[in-house]
Each structure stands twice: as structure tokens, then as C-alpha cells.
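The compositional bias 'Low complexity' annotation in TrEMBL covers 9-28. Residues annotated as domain 'DYW' in TrEMBL: 525-617. Residues annotated as region 'Disordered' in TrEMBL: 1-39. Annotation source TrEMBL lists repeat 'PPR' at 104-139, 209-243, 310-344, 345-379.
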Amino acid sequence: MVGGLVLSQAQTHHTAAPRTAAPAPAQALEKRPRDQAQPCGTAAAAVSVRSLDEVRKAHARHIKLGLDRSPRHARPLLAACALSGWPGGMELAASIFESLVEPEAFDYNTLMRGHVGGGREPAAALRMYVDMLEAGVRPDSYTFPFALKACAQLAALQEGRQQLQAHIVKLGFQHDEHVQNSLISFYGKCVEPAMARLAFDRVEAEERTAASWSALLAAYTKAGLWGECLESFGAMVLDGWRPDESSTVSALSACAHLGAFDVGRSLHCALLRNTARLNTIMQTSLVDMYAKCGSIEKAAAVFDAMDDKNAWTYSAMLSGLALHGDGRKALQVFDAMVRERHAPDAATYVGVLNACSRAGLLEDGLRCFDRMRLEHNVAPNAQYYGCMVDLMARAGRLDDARALIGSMSTGPTDTAWRSLLNACRIHGDLDLAERALQELRRLGAANAGDYVIVADMHARAKDWAAAAQLRTEAVDWGLAQSPGVSAVEVRGELHRFVSQDRSHPRTSDIYEMLHQMEWQLRFDGYKPDTSEVALDVGEEEKRRVVAAHSQKLAMAFGLLSTAEGAPVRIVTNLRMSKECHAYSALISEIFGREIVIRDRNRLHRFRRGVCSCRDYW
């Protein structure tokens, strides 16, 4: 059911087309009647109109001359109204369409394209499709991409899969290039990567195009399957396809999320070799990738060299600086953005407020928040309030943060309470942490991590019964915590480790390296910090737990497997602990290596025993 409609089976009486590959677009156009020679995307060019008023005048002349029912005269006006985006254009397009005596697939396609353009009215596009079937008009290869796009915009997975795909097979369009790619894209936009992959695999190898691969990569990106995205990108290149803009942006996004610096840098080099001039989208993706992979210098170099920056570019740079905790630089970039007359958007303000929060710039963050409301007339939303709660709570103003949550115009949100909860862990306020967890429960938004934070705080207070009760409660509610994983990139390949991991092929070498690392650290006076180990066990067992932490295993393998002096880059889904922080700083000093660790909140760069976070995290 879509917009109150069930897609009709009215077309079943049509004879299926032969199951042969669809003709190339140029051949298909040659086979059209003379008055259909242009695809709907270019029909508007056949009439010189620059506004809706000019279309109305032209249409009035057609009516006066009796030409309004002639497809040859009506179609250019129909396309001009439907595809221009003019206010009221679709209404006039519908009026012109109604005047046609026997509208054909071309005419239906034009209106459907207008309805899905910019996601304006996808349900109307599907109603046009149903009308088309009921009128006995046979869809063509241009029809289904628009219908599938409408289903994707409506998240109408069942209608697209069970009905449209059945129509495609029944009419013999399952081998058409445009239809195949649209199916892959449809499943990707509905966050069904397995179905997108199945649709891709059904395309014969010789029928696949760069667009087919691009649609698959976009499906993996939408679902957050970054490893599969990079793997498919490599397969695409090995298959002899030159990546287009969309597939390259997907691959760069995957590199950014995985922390695959070497792969991302190789992609950048390939772009410089094969592209005369990188456009703004490509450059913005590079800024994002380098920042998230730990090289804010390279991100800044790409950013500074750009001629055509837009709001997305500034947002990417601000988010990168926030990740690195460089609040001062973020404020400078924000001021430059305003001077260049770029209107700050939601992502911009989130980036600069997060940068202030992670750098401890309380007063600057408060001024920025006031500037947002008073100077740029941007009403605070839940996300902005969450940033402000995080900013104030991290700075130790827990009571002010709690008061701000109570005064939020949007009402208290889980993001705001979770920010307060995290700050309570940092500052050791157990009572307020209990209140924050209670509010998260009330909102139905508490997750396993929230319970673990409060349970660990009870454990540090030696209240083992309360800690056990909270962990049991989380299990009873079916809240499972994801295992801690740390990954290190070595020669373009990511190696993943969990705590006490012994599954890696070089396990014996890794643990030998780990032993050497700890021996050298202890020689310099290092003692493991077990204060954050929330287990009711002896000190020796706690030391055993922290000794083979996933971050330390990844670090050992990185030192073992990379060239002397090369940075070691690690990505983890854990928050940096005090023990791992101190350990990483000492390793960077003793081994003379830069250690870059991106945890689930921010990025830490250790050089010569000092972290870029300045111990504020």
C-alpha cells in the first residue's frame, strides 16, 4: 500500500517483451516515433520558455489553434512544467497532460519524473504508474526507474520488491541496463544491502556498467558496510572499470569510517593522475577522509587549496577539527565561512560547538550559541542543545547542564541526557549519573553502554552489588554491549583485535612484542593503571586484563609490521581509557613513533609522549 494505493496488476494482459538486452539509448531513440525522439529529460529544450507565464501563454496559443492535443506541440510544454521545478509547474503539467487524447508512455514518464524530482511527491508518481496500467499503456524501460525511485523515497520496500519487480520480469525488462541499475539503487536506498547485492549478481558480467557498480557501492555506504564497500570498489577496478564520481565518493567515505589512510591516499593519487580538476564534492570527501584518518594537516591542505568551497566543505573541515579537538582553529574557519557569506547550516553549528566542547572552550561555545540564535536567527534544535549540554558538562558545570536540559524548548532528549551521563563519569558524580540513567529509561532510550557507565562507577566505589544489579538489568532488557574492537592499518589492510585476542596468524610475535613494550615501559617507571577495571578480582588479574587490551594488541602489531618511523594508525569502538592513554603516550616517546588512535568520541595523536587532546577528553 502506497499513499492509499495498491499497485495494480492491470498490465498482465500485455505481451512480454523478448528477453534480450535492451538497446542502447541512441538505438532506442531511433525507434521512437518522430514526435518522441527526445527523452523526457531533454524535451524541454524543444521550446524556448524561461518561466511558467511563458508556458501558459504558449499553451493558450496552442488551445486557440487547436494544437493542445497534439503530442508534438504539447510535450515540450509538459516537460518544461514538470521538470523545471517552478512553483505551480506540476499543476500546469497535469492540466496539459489531461488535454492529450491518447497519452503514451513517454508522457506518463515525464510526469512521473517530475513527481520524484527532489522527492516532491513520490506517491503521485506511483498513482501515475497505476493510471498508466489501467489505461492499457505499456511501460517502457524509462518508466521503471522513476517508479522504483518513488518507492525508495516512500521506503515502500514491499511494493517495489513484490509488485514492481514482478512487473519488470513479466514485461521482460529484467535485462535492461537502466532497470537493473535502478533495482540495485532501490534496494540500497531502502537499506537492504543483501537484496542490492542479489540484484547486482543477477546482472550478467558483460551487462554490468560503472553505474551498476556505483549503485552497489552506494547501497553498502547507506547501510554502513564500509568493508564490503571497499572490497567491491577493488573488484570494480580489477574488472576494468574506471570509477565515476559517485563510486569514488563512496570509497572515500568507507576509508574515512574505517580509518584506512593508505587506501584513501592511494585513491587521492589516482584522482590526481586521472582527473584534470577535482570538483567540490570530490575535494570535500577528501577533506573528510583525511581528517577522520588522523591527518588534519592533509585535510587542511586540500581545504585551503579549494577555489569553490560551499557549506558542506566548511562543515567537513569543522567536523574534522572537532574530531581532533582543535577548537581555536575551528572558530577561525567558522569566522572565515561567515566572511565568505556562506550561510551556516545545522552541520556547521554542530561542528563548531563540538569543537569548542572537545577543546574545553566554554565561553567561546556559549558565544557561538548566542550568535547562532541572535545573529543568524537559527532556532536551537535538539542536536544543538545536546552539544551545549556536552560543552557545559565536560567543563564541570554539571548543574548548569542539568538546568539547560530542563529548559530545552524541544523537551529533554536522550542525546542531552547521555551527554550529561558521560560527563558524570568523567567528574565522578554518581548521584547525577543515576538520575541521567533513570531519565534515559523513562524515554525508552537507555542502551547497554549507559548501564555499563553507571555500573562501572558503582564498581569503582566498591559497590559490587549495585554494579552487578545494573548489569543484570541490562541483560534482562535484552541490551547487549558490542564487543570492543581495535583495528590497525598495515599496507592497506585492516587487522582487527579484541581483548585477549589470540586468533591472528602472528599471535606469538604480537605477544612477544607486547612483552617487550611493557618491559621497556616498566624500565622507565611505568605501572599499569587498573582503576578503571570494573571487576571484583585481585590486582594481578586486573593487570592481566589491561595487559592484552585490544588497543595494545593493535599497537603491538602496528609497531611490528610498519617501517621504522612510520605512524601507527588505530581505530577503536571503545572510549580511550586512562590506562591506554598513558600507555600510548609512553610508547610514542620510547619508540619514537607517532601513534594515532581514533576512539568512539574523538581522535588522539601521540607524539614524543604528548597527546593532541592535552589530557582533556
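The backbone N, Cα and C atoms fix where each Cβ goes, and this holds for glycine too.
Automatic prediction, not curation, is the source of TrEMBL annotations.
From a predicted model like this one, the values you see are computed outputs, not experimental measurements.
Confidence annotation: the repeat 'PPR' (104-139) carries a mean pLDDT of 93 in the model. Only residues 6 or more beyond the boundaries of the repeat 'PPR' (209-243), in the same chain, are considered here, and those with a CB under 8 A from a CB of the stretch are 177, 180-181, 184-185, 187-189, 191-193, 196-197, 200, 203, 250-251, 253-255, 257-258, 260, 263, 274, 494.
Note: the repeat 'PPR' (310-344) comprises 27 helix, 0 strand, 8 coil (DSSP; helix = H, G, I, strand = E, B).
Secondary structure by DSSP for the repeat 'PPR' (345-379): 27 helix, 0 strand, 8 coil.
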